[in-house]
């Protein structure tokens with residue numbers, strides 16, 4: 001099976017700023033791929049290169065087996081895109097925009113559109129200027145979800161949605177995946193990525209810093225452990241892989257590099273475990289760790 | 001919180017954003033006034049010439065309608081600035097109202113105002129800052145014009161009166177725009193309403209002036225342009241008249257402030273209607289979308305062309321009476337008779353309409369740029385629509401739109417003049433083709449705009465500057481006795497001067513080829529560049 005998106009060594013500069021600096025990204029067909037990074041990391045720039053709106057300075061980019069800059073017309077029939085900041089024509093109604101985008105993409109499912117309008121509780125008769133940010137986003141989302149595109153490219157699609165609509169969105173994306181479509185989801189909302197994505201790529205300053213399944217990534221990170229022991233532990237803080245150990249008598253909390261979990265647990269058992277809470281790393285921590293590295297490096 | 005808090009900051013921001021546009025407009029208008037005065041002063045250096053000229057203008061209804069009367073033939077200033085007092089002052093009004101809408105409704109529509117309103121900015125700050133910006137701009141213009149005219153040796157009092165006349169026009173239409181900006185939710189509609197009002201005021205003034213002393217001169221008191229003409233710069237300087245525009249503006253501004261106090265941010269007073277829940281069959285491709293986005297503006301321009309065409313057609317027959325006396329008629333016969341006068345007038349009128357049609361073409365092409373920077377191009381270009389296809393939808397309007405406008409103009413002027421002169425069969429084709437022959441030059445300007453959009457998108461708005469430059473070349477070039485190569489820079493120079501002069505095919509074909517090449521280059525450039 002070929003990859004839906006395969007990017008390697010992508011470079012894009014605007015004047016002197018290097019927005020993308022050798023970025024790699026692989027999205028397998030049929031998966032929901034999370035695309036994470038702080039503001040200005042280059043997520044939207046990457047997406048705009050994938051859409052053929054920007055021309056790459058260097059690097060290999062392949063989208064559905066084609067070149068996004070050259071094969072615009074053929075590729076764009078097979079993708080649907082939701083921009084992060086949706087603007088609508090002030091004098092076109094939401095329903096008109098949904099139909100227009102559907103027709104320009106080469107067809108949409110009328111039944112699916114009606115169903116989505118109902119689920120997202122959108123009044124399609126309002127004019128573009130009368131919609132709130134969240135409702136503008138719904139217009140673009142419905143247009144994309146009602147299309148029969150193979151690949152959905154969603155750039156922070158839920159930044160204006162309320163929690164109820166966020167849930168509707170998550171269910172819709174799961175349905176898309178179940179029906180075999182590929183989704184590239186750029187997001188800030190980590191709970192959303194955790195709930196939806198099979199694999200994620202984290203980028204920073206135009207480079208990919210982590211990529212893999214959530215399980216893979218967790219493996220690379222630390223597990224938090226809080227434990228109450230029968231006897232005070234000894235030498236726990238000096239074990240390899242242990243970080244931020246706080247030992248207050250028989251109460252211990254620490255983080256441990258997941259591969260080193262064995263040794264730490266053995267030592268804890270020696271001291272006699274009364275209660276133990278272990279928590280896998282959240283994406284938040286994963287993300288923050290890279291982000292902290294960045295701020296540390298900047299200082 | 002103080003309702004005016006933050007006004008100073010917003011004013012600074014407005015000037016920062018317009019640091020290129022405002023000086024450009026001030027410069028363009030100042031040069032127009034001072035340059036015209038300079039060149040006309042030489043042309044009308046003797047009292048005899050001035051009296052002749054004034055007599056011919058004041059007897060000609062079309063000249064009176066377009067520019068108003070020459071108020072004092074004895075005064076150099078009155079004769080020299082006659083022409084800019086009319087049409088140019090209307091443009092001063094247009095710029096003032098566009099600037100006002102840009103800094104009030106424009107900011108509100110884009111959401112920028114909401115962003116700054118969250119800071120320490122009072123409810124009335126944005127409107128106040130917008131008006132301060134526009135009034136300051138007009139004040140600087142008035143000071144520069146006064147200095148320039150006095151430096152040319154014209155009387156100080158008259159120069160101040162002339163400059164204050166322009167200032168009053170700017171003030172009135174800024175105040176009108178301040179009101180329309182409260183009524184609608186989009187800046188396009190707000191500007192459109194204000195421009196329509198300005199057009200009406202100009203027509204009322206034209207109606208009041210066209211009949212000379214025997215006409216309905218009371219109409220002049222109903223139009224800001226009429227008030228300004230009652231100011232009589234260099235011809236009596238009736239200062240008290242300035243009170244009328246000042247009071248009118250004060251009332252409008254007070255109304256605008258009252259409206260701001262009553263409505264929500266982002267809302268208008270005219271209600272938003274609901275649209276259709278589904279797209280009609282026509283909204284299916286880039287051309288369908290372009291039609292939806294461009295049709296309102298094209299219809300408004302077409303309405304303007306029809307009204308103007310009826311006015312021009314109505315006065316064309318009177319042009320023959322312009323040269324009075326037996327000796328004058330003899331001269332006329334030698335020059336080719338009354339038909340020559342009609343032909344010359346038709347040519348001037350059509351060249352003017354070609355400039356308006358070009359303004360439409362520039363505006364139609366620049367819609368591409370505003371769609372791009374407004375991020376409205378992106379969702380379309382992410383579909384199977386290619387860049388050339390998307391751009392072509394709008395470019396088509398810049399090509400076909402002016403053709404529609406000029407054809408309308410030709411038909412209306414031809415019909416009205418043909419019927420009035422009882423020679424429809426003879427006059428109609430002459431006039432119709434004199435309108436159509438202007439099109440290649442209009443298309444060159446559209447081509448220049450497409451080329452700028454494709455190759456140097458940041459400079460796309462410079463197309464307006466080029467249009468202004470060509471206008472100045474055409475108006476002032478002959479008076480300044482510019483070299484032919486300089487005149488040749490303007491595409492309008494190459495248009496055959498139909499219906500009086502013979503048709504020449506080569507220049508017309510040349511213009512069409514240049515327009516085509518520029519458009520092709522622009523589209524090719526757009527296909528290769530990054531989207532902003």
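Note that Cβ sites are derived from N, Cα and C of the backbone, with glycine treated the same way.
A quick note: this is a predicted structure, and the numbers were derived from the prediction, not measured.
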Per TrEMBL record, range annotated transmembrane segment [choices B:367-385, B:462-480]: B:462-480
Most Cβ pairs under 8 Å with the transmembrane segment (B:20-38), selected from B:431-455, B:462-480, B:506-526: B:462-480
Contact between the transmembrane segment (B:190-208) and the transmembrane segment (B:160-183) (3 or more Cβ pairs under 8 Å, separation 6+): yes
Distant-in-sequence neighbours of the transmembrane segment (B:81-101), which means Cβ under 8 A and at least six residues beyond its ends: 18, 22, 25, 29, 32-33, 36-37, 40, 57, 66-68, 70, 130-131, 133-134, 137-138, 141, 149, 162, 165-166, 169-174, 176-178, 180-181, 187, 190-191, 194-195, 198, 202, 224-225, 228-229, 233-234
Annotated stretches the transmembrane segment (B:506-526) and the transmembrane segment (B:298-317) touching (3 or more Cβ pairs under 8 Å): no
Spatial neighbours of the transmembrane segment (B:239-260) far in sequence, C-beta under 8 Å, 6+ residues away: 123-124, 127, 131, 161, 164, 168-169, 171-172, 174-176, 178-179, 181-183, 224, 227-228, 230-231, 269
